[in-house]
Amino acid sequence: MNITQKINEGLLLPEVEFKMSRSSGPGGQHVNKTNTRVSLIFNVGNSAVLDEEEKTILIEKLANKLDNETNLIIHAQEKRSQIQNKEIAIRKFHDLMRKAFERKKIRKVSKPGKAAIEKRLSEKKALSQKKRERSGDW
């Protein structure tokens, strides 16, 4: 089973831990009293769903987002509701996982077109002609 199937079927979600805390941002007094910020924590190194190859790919590609214990931590505090922030955190997690396993397309080297070559040569000839005319005997 490949990683996109694992993500789409939600096999990684049971290994995810959620922590709630007080959020900053909009909400006024409500924000100061309730824990609406959601932190999603996924331990890449201890995952039972991912195989070793997938773990190494994640550790390499998400190195700047992992802590010392290979925990991937994603915060969501955009909304005033804890449930909405949890959904946002899960969406961010899935997007990050998909992006980490995306293969980049290899760029095909292309040759310049015939018209571009002719244009370059004609400009080159015009410039050399201009310089030749400048360097005449006084």
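Even glycines carry a Cβ here, placed using N, Cα and C.
Feature annotations, reproduced from TrEMBL:
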COILED    59-86  coiled coil
COMPBIAS  116-126  compositional bias 'Basic and acidic residues'
COMPBIAS  127-138  compositional bias 'Basic residues'
DOMAIN    15-132  domain 'Prokaryotic-type class I peptide chain release factors'
REGION    107-138  region 'Disordered'
Quiz item: Looking only at the domain 'Prokaryotic-type class I peptide chain release factors' (15-132), what are its DSSP counts of helix, strand and coil residues?
Solution: 57 helix, 20 strand, 41 coil
Self-check item: For the coiled coil (59-86), the mean pLDDT of the predicted model
Solution: 90
